[in-house]
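Record features, source TrEMBL:
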type	residues	note
ACT_SITE	154	active site, proton donor
BINDING	280, 290, 324, 338, 342	CTP binding site
DOMAIN	2-174	domain 'Flavoprotein'
DOMAIN	188-395	domain 'DNA/pantothenate metabolism flavoprotein C-terminal'
REGION	1-191	region 'Phosphopantothenoylcysteine decarboxylase'
REGION	192-399	region 'Phosphopantothenate--cysteine ligase'
Ligand SMILES: Cc1cc2nc3c(=O)[nH]c(=O)nc-3n(C[C@H](O)[C@H](O)[C@H](O)COP(=O)(O)O)c2cc1C
C-alpha cells in the first residue's frame, strides 16, 4: 500500500482536501494529513482524522513519539507528498526555505517527491512573485498540478481553482505507475545518446541546404527513454521543439558538428539511437560572401559528409546501435543492407515518401529490422506511442 502525506494549507479550497483524502483512501492509499494553523480556519483536523483513520498533524512541537522527530519522520514515511490546496503563502515560504510550522518544517526536511496543487485568487496566482516562486519550485523538481479555470470564491471566473480531487488521484496513480516502469526497465540508469532533427549545411552567409526532418521522432524516443529512467543525451539539429527537461541537450547545426558531438560522447554510452536526418552532402566550400545573381545556370559542388552511423559501427565496443532508414522506395531492402553495412544492431525503417507519415508528420509507421533477421512491424500511430513500442521491443533484447 503506497503512503501519501497530504499537506493542507489555508485556502478556501481546503474543503476539497477532505474529499481528496476520501478519494485517496478509497483508491487504496494510506493517507496521513497535516494542516497549517490557517488551514484550520477553513476545515477541522477531526474531519481528516475520521476519513484517513490516522492521527492528523498540526503542531511541530507536539512530539508524541519519543523515538522519532515527527516532522522528519513524517516526510520519510511517505512515498509521495501532496500539498492541496497550496496557498501562495506556503508556496512562497517553500521557495525560500522557511520552516516555521508543521507543514513547512516537514516539507523542508524531506526528499520525498512532492506534488503541489495551487489554489488562489487569479491576481494572487498571476502575481510576479507567485509565478517566480512556483518557477523556483518547478526547477527544483516539485511536480505541479496546474489549477483549472472556473468560478473562484473571490467572484472572478478565471484560473486559480484547485484541480478536482479525482484528477489529482489519477495524476498520483500515473506517477506510481511510471515509477514502477522505471524501476523495472532495463534502460534505468543507462546512458543513451539520441540524435534528432535535420542538419543545416551552409552555402553562403544567407543560404543553406537542409531537409524536412522535424525532430519529432528522435525527441519522442528521448522522452520515452527519460520515462524509463535513462540518462539521456539528445544531440539535435535545429527544430521547433522544446528542450526535454532533464535530458542533456546538445544543439548543433551541420553534419560535421553532429558527428563531433556524437563521437566525443560515444565511449560513455550504453546505447545510441540515430534518429537524425543527417545530410549526406555538404557544399565543397562555404562562401564568405553572399552568392550574387548571375546569368545562366548555377552549379554548386558538394562533398560527402562523415557517415556517423558507419563510424559508430566501426568503433563500437559494447554500445548497442540503433539506426533509422528514411527512404522513399525499397524501404525494407535498403534497411537490411544498412544493417549489415553499418554494423548496427537494429535499423528502423520508415517510408518518408508517404506524406501522411514520416518527416514532418506527428504520425509514423515503422519496421524494426534486427540483426538476427527478425522484423517487427509497428503500425501507423503517434510518434510518442511508436517510441514507447520501440522501447518495449528493445527492453529485453538490447543487452
Ligand atoms: C476567506 C479566505 C479565503 C482565502 N483563500 C485563499 C486561497 O484560496 N489561496 C491562497 O493562497 N490564500 C487564500 N487566503 C489567504 C490565506 O489564508 C493567507 O495567505 C494565509 O496566510 C495562508 O496561510 P498558510 O499558507 O500558512 O496556510 C484566503 C483567506 C481568506 C480569509
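Using the three backbone atoms N, Cα and C, a Cβ is placed for every residue, glycine included.
Where the annotation comes from TrEMBL, it is an automatic prediction and has not been curated.
TrEMBL feature annotations superimposed on the structure.
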| residue | record | DSSP class |
| --- | --- | --- |
| 154 | active site, proton donor | coil |
| 280 | CTP binding site | coil |
| 290 | CTP binding site | coil |
| 324 | CTP binding site | strand |
| 338 | CTP binding site | helix |
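Put simply, the residue listed as 'active site, proton donor' is 61 Å from residue 280 (CTP binding site) when counted between their Cα atoms. Annotation for residue 324 (CTP binding site): spatial neighbours 217, 274, 275, 347, 348, 349, 350, criterion Cβ-Cβ under 8 Å with sequence separation of six or more.
Residue 338 (CTP binding site) counts 20 other C-beta atoms within 10 Å of its own C-beta, drawing on all protein chains shown.
Note: residue 290 (CTP binding site) has non-local neighbours 204, 205, 206, 207, i.e. same-chain residues 6+ apart with C-beta under 8 A of its own C-beta.
Take the CB of residue 280 (CTP binding site) and look out to 10 A: across all protein chains shown you find 13 other CB atoms.
Among the residues the record lists as binding CTP, namely 280, 290, 324, 338, 342, the two farthest apart have Cα atoms separated by 38 Å.
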